[in-house]
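Each remark here refers to the structure printed beneath this line.
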Amino acid sequence: MEAIKIMRLEIRENRSFLRLIAALFIAVGFAMAVCSVLILWGGASPVEGWMLMFKGALGSRFAVSETLTRATPLIFTGLAAAVAFRAKLWNIGGEGQFYVGACMAVFLGTRGETLPAIVMIPWLFTAGALAGGLFLLVPTFLKTRLNVDEVVTTLLLNFVVLLFVNWLVFGPWKDPMAMGWPQSAPVVDTAMLPVLMAKTRFHLGFIIAVVSAVFVWWFMAYTTWGFEIRAVGSSITASTFAGMPVGATIVRTALISGGLAAMAGVSELCGVKGYLTTDLSPGFGYTGIVVAMLGALNPLGVIAGALFVAMIYIGADSMSRAINISNYIADVTTAVSLLSVLVALFLTTYRIRRG
Amino acid sequence: MDIIGFLVETGFWMATIRMATPLVFGTLGELVCERAGVLNLGIEGIMAAGCMGGWMWVYQGGSLWGGVVFAAVIGVIFGLVHSLFTVYLGLSQHVTGLGITMLGSSLSAFVFRMLLPKATTPPKIIPFHSLDIPLLRDIPFLGEVLFSQSALTFVALAAVVLVAFVLFKTPLGLALRMVGENPLAVEAQGLDVFLLRTLAVCAGSAMMAVGGAFLTLSAFDAYYIGMVNGRGWICIALVVFSSWKPYKALAGCLLFAAFDAVQMRVQQQAGMAIPYQFYLMLPYVCSIVALIIMSRKAAYPKALLIPFRKGER
């Protein structure tokens, strides 16, 4: 306790970009060091383990394609979290909004209409994003009008949406052709995102995700609305005082954030499986929060964060097979990365002084 | 379908009290943290860790009470981590809490898989048996409902009384509540804000972990991944519902569990008229509705979410 008592935090005068990048790398390295203990416990050498993970994620053409495919929904959900968190709108409902988008894609994509792909795909993304954005408006209005904490409401709605999807795929949307499996009918061929690399699952969604990230970066940095979102996030009082439309800004943030998370659902549904199941997302909505923090809430940083997390997940699968260790190591590594990145980001703004 | 009929049934009330127990631990734990000004969104993960840790202790040959203590220790460790981040460094309580939840959930799944790699069906332990005290057990209705519960339920009830007593009748409780309202005033009294908050977060997290342990050591006899299943988040809603008061928290948990028991009964009796998924949605929907009703006049502790840093105001 004595050591802590004489510790003092001091705001740094300058935040350099290089220090930020260095801090992020140190944090991720620290997380890997901590998780090395778990690999040691599994009876393998950590160096070998991380090498296997790296090879499993990037070691072959197929591995790279799998990593990029996995990163695609994470870029969208990471952007969703980054935009919302910038405005201090704590949208933890990315998982639910993901499924809202996926449902919309199935709803519109299985009606047998044969629009050409060039119309069909933008249409599904637009409709999905709109549905996801409107869905997030419900907890947002509860927050702004009735003072209901959005963290809990968005979280609880994830469970509601997942149960709803469960009902859909076991009930009215169940595909009679699926040999009894609980899944929806597949979307029409023109709704499927084209594959970018032959014989892999790597699809157009990745390009759409990267373009979205660049657009969101531009939007946040160079438009009035983007500035307002950041201003509301740093101080609601100051924004109100400056005459900014705080309410409208929060609504806009919700529409964008919910929309981006829903686009993850559309992209994953139309890019990978083609039909709806209850395990379409292995927690992309929650992992998006880690991705956003790894990217320091910067839309371009989100791309890097998503690639890193995707590498961990894809690599962990092959590592766990090779050295016989549970593949939950991927979840532990991302969780520890999140926590150490939080500290690292903190240390770029504050320095710890003695006395 | 006879709702009045099963409201007088002992089975219904037994189920209600059993289902309320983990919620009571979790809600009390969150309440103590929030009273001291720290939101603990790590609750879901801490419950998962207590759930797995307590079970593993017993599965490896430890005693049941040893499992409860072990779970509490795990809770304290997570509490220390959470306070390091939120109390000492003043990081965002939202994001660190979620980080703790991810860590707690994934670490318990990882450890479970590493220790029992080949378990396809969840291995079982012998859980707490019901108290079954002679004489008391024979009291009509009340005896059956109360004394068919395990000892942990009584620990939960005692915890409600204890937390209420400490918070509202002792100097320590006064200091803890003040630290959640006005930390500067506490510092002016010469008390250590950081220490008080850490104490509250650790004690609260220990209760959450014991709530998790109740699931594996009393309600069920096995652990499976993801078994906390949102109970932690419901506890956070219940804290708002209770206006940060222990007895109201107990009432809220009982009401909520009663509702849960009703939906299970109705589900059995109504059969497939309404798909079961909609019944399963009810706890989450009810939590949201409870939040909407209570948030209008919610008197949040004034320093909740606000980090305290020396020399900054």
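The backbone N, Cα and C atoms fix where each Cβ goes, glycine too.
Unlike curated records, TrEMBL annotations are generated automatically.
Among the features that TrEMBL reports, transmembrane segment is placed at B:12-31 (among others).
Taken from TrEMBL, the feature transmembrane segment applies to B:38-58 (among others).
According to TrEMBL, the transmembrane segment annotation covers B:64-91 (among others).
What TrEMBL records for B:146-168 (among others) is transmembrane segment.
Per TrEMBL, transmembrane segment is recorded for B:194-216 (among others). Nonlocal intrachain contacts for the transmembrane segment (B:194-216), taken as residues 6+ away from its ends with a CB within less than 8 angstroms of a stretch CB, comprise 21-26, 28-33, 35-38, 40, 42-43, 46-55, 67-68, 71-76, 78-80, 82-83, 86-88, 125, 127, 152, 155-156, 159, 175-176, 179, 186, 222-223, 227-228, 231-232, 235, 308.
Look at TrEMBL and you will find B:247-264 (among others) tagged as transmembrane segment.
Tertiary proximity for the transmembrane segment (B:276-294) is limited to same-chain residues at least six positions away from its ends with a CB under 8 Å from its CB atoms, namely 230, 233-234, 237-238, 240-241, 243, 252, 256, 259-260, 263-264, 266-267. Residues annotated as transmembrane segment in TrEMBL: B:276-294 (among others).
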Below 8 angstroms Cβ to Cβ, which residues of this chain, lying six or more residues outside the transmembrane segment (B:146-168), approach it?
14, 17-18, 21, 24-25, 28, 31-32, 35, 68, 127-133, 136-137, 139, 176-177, 207, 210-211, 213-214, 217-218, 245-247, 249-250
Which of B:12-31, B:38-58, B:64-91 has the most Cβ pairs closer than 8 Å to the transmembrane segment (B:247-264)?
B:12-31
